[in-house]
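Novice: Sharing the features that TrEMBL gives for it:
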DOMAIN    90-336  domain 'G-protein coupled receptors family 1 profile'
TRANSMEM  21-48  transmembrane segment
TRANSMEM  75-96  transmembrane segment
TRANSMEM  108-127  transmembrane segment
TRANSMEM  147-169  transmembrane segment
TRANSMEM  189-211  transmembrane segment
TRANSMEM  242-265  transmembrane segment
TRANSMEM  285-307  transmembrane segment
TRANSMEM  319-338  transmembrane segment
């Protein structure tokens, strides 16, 4: 173990890698040592020491998209343009309403603001290119644009995940510890939690892009997907991808699975505690928690299906990706609005009373 500690220190001092990159690298070493898997460690080392020049054998990629049929592409253009505009409109309505409404000042709506912001950006990271490619027929994406898309998709996807956890924590404190709610969930704590979510998202997406930048492309350049992601890119790599896929599972898959389990446990405690509430309090809390649970299932089940399995292609992969990258960001504001009387009343007061 001492040998690898010295190696980590030397790597940071003698290379241009950032401290966070070296930290991730050393965590991988520690995990592999704990599992006593020398082949795993050697494979990771070969990946990390791979010359960066290999990556530039491909300057651009071609996104296959959802279909190659011209008529179906026109349908894709119309349908997804409508879905994307509806997503922006719905989430913008939530953002503006929470920002300017005096009745939505609680921590739950503070976190809902950032969930809507994350959803808008998450959808924007994939939908516009899908729409443009469908109508123009030009499906070429440059290497740099592809790497940028990977970073942005995982950044805002992770941000939405962490905000959902913060919202579940807020509901847990509000329902299970109501007398201490205003003390625990004060403005400073909420702000600090959101900052931690931004930092965590940056670390996650940086780890993803670090892996992507190390992939050597030397064969076909057609990505069988409608946006750039690590798993579709692995099919274009001219090296063994077993270890890389394990790292993806450890990173994205673990975040999805652990977050999903944490959320299920927290809402189990919340639902159990409702037996001690009055009928009116139970009804209101149950309505709020039900909407949260629906959002969690719609978002996490497709993500877990995508990032916690071997790199095997299924016919439904693209539609699953459509569901959590475009469908869920649209459904989230609708679910929170339709099932929340406070939000509906705030929208009426802010928008319709001024007309």
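For all residues, glycine too, the Cβ spot is worked out from N, Cα and C.
Bear in mind that TrEMBL entries carry predicted annotations, made automatically and left uncurated.
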Novice: Among 189-211, 242-265, 285-307, which stretch has the most Cβ pairs under 8 Å to the transmembrane segment (147-169)?
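Specialist: Against the transmembrane segment (147-169), the leading stretch is 189-211.
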Novice: Are there residues at least six beyond either end of the transmembrane segment (75-96) with Cβ under 8 Å to its Cβ atoms? List them, or say none.
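Specialist: Counting only partners 6 or more residues beyond its ends, the transmembrane segment (75-96) has Cβ contacts under 8 Å with 65-67, 112-113, 116-117, 119-120, 123-124, 127-128, 130-131, 134-135, 326-327, 329-330, 332-334, 336-337, 343, 347, 350-351.
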Novice: For the transmembrane segment (108-127), give me same-chain residues lying six or more residues beyond its boundaries with a C-beta closer than 8 angstroms to one of its C-beta atoms, as numbers and ranges.
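Specialist: Residues 80, 83-84, 87-88, 91-92, 94-95, 98-99, 149, 152-153, 156-157, 159-160, 163-164, 166-167, 170-171, 174, 190, 194, 197, 226-227, 288, 325-326, 328-330, 332-333, 336, 343.
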Novice: Mind checking which residues reach the transmembrane segment (189-211)? Cβ under 8 Å, same chain, six or more beyond either end.
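Specialist: Counting only partners 6 or more residues beyond its ends, the transmembrane segment (189-211) has Cβ contacts under 8 Å with 20-21, 24, 47, 107, 110-111, 114, 147, 150-152, 154-156, 158-159, 162-163, 166, 169, 230, 244, 247-248, 251-252, 255.
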